[in-house]
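A short write-up of the structure that comes next.
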Amino acid sequence: MDRFVTRHRKRSAVEADEWKTEEPFKRYKEECEVEEEFSQPIPWQKIEAEGLDCDYSLLFDKEEADHLFNQLEEEVEYFTGDKAKLQVYGKSYSVPRKQATYGDEGLMYSFSGVHLLAKPWTPTLERIRDAVTRATGHTFNFVLINRYNDGHDHIGEHRDDERELDPACPIASVSLGAARDFIFRHKDARTGSSKRQIEPVKLELAHGSLLLMNYPTNTYWYHSLPVRKKVKMPRINLTFRRIVKNRQKLALK
């Protein structure tokens, strides 16, 4: 994690041949690749492993990140009651963080037996979304917000691979507040008789940072934000996504 590279990294001939055999890559080429220069280019740090392709950068300086964090504290309305619970193997559990969803009209996000309808964009969320679009060249119609009060709040290993998400477009994760460890673990390194020795990838997501998780990262890698008891300050994370409406209907069935 020492070298910064531009977004348009050229793949080797071997990599290109491997990707071209996969149908999602064809859609990625058709729908999501941006050839022109971004209007506000920023230095990107490339993070790669087997099946993992991410880009990381600081999107906002401290002053702007502080302002955005404070604005979100005023604007965001988090879910309560049943919307703040998860269904796991038929049992209901309280989510160990606060959650909210915002986006274009009629969009819904579903996971772990919970269906979350998007509230209309707030001015601050629109500002952050547009900054992410300028930096990446990708457009997003939905954001999932997680607020971690301190290092006790966390999220377990999971993949952002829900059926309603456009698999050919990246997920953009913006972090504001306390820096927290973010850990990727390959699906083959978790459990089972075929478990492989693949080292996890650990990042520290800084205040004002942007992590772009590109295809096929969420196919092969789980990620988590583990408990860190020494962290005393809150953190807000915004994951911007593209939901496809006809896929959304399938996810609700």
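Backbone N, Cα and C atoms are what each Cβ position is placed from, and that goes for glycine too.
Those TrEMBL annotations? Automatic predictions, nothing curated.
What TrEMBL annotates here:
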type	residues	note
BINDING	Y109, S110, F111	substrate binding site
BINDING	N146, Y148, H158, D161, H223, R235, T239, R241	2-oxoglutarate binding site
DOMAIN	139-244	domain 'Fe2OG dioxygenase'
Pairwise CA distance, H158 (2-oxoglutarate binding site) versus S110 (substrate binding site), rounded so that it is a whole Å: 14
Most crowded position, judged by CB atoms within 10 A, among S110, N146 as binding-site residues: N146
Residue distribution over DSSP helix, strand and coil in the domain 'Fe2OG dioxygenase' (139-244): 7 helix, 49 strand, 50 coil
When distances run from the Cα of S110 (substrate binding site) to each of the binding-site residues Y148, D161, R241, the nearest one: D161
For R241 (2-oxoglutarate binding site), nearby residues of its own chain (Cβ under 8 Å, 6 or more apart in sequence): Y109, F140, N141, F142, V143, L144, D160, L165, D166, I171
Residues near R235 (2-oxoglutarate binding site) in space but at least six apart in sequence (CB under 8 A): R147, Y148, S175, L176, G177, A178, A179, R180
For Y109 (substrate binding site), the number of other Cβ atoms found within 10 Å of its own Cβ: 22
Tertiary neighbours of D161 (2-oxoglutarate binding site) (same chain, Cβ under 8 Å, six or more apart): P167, N218, T219
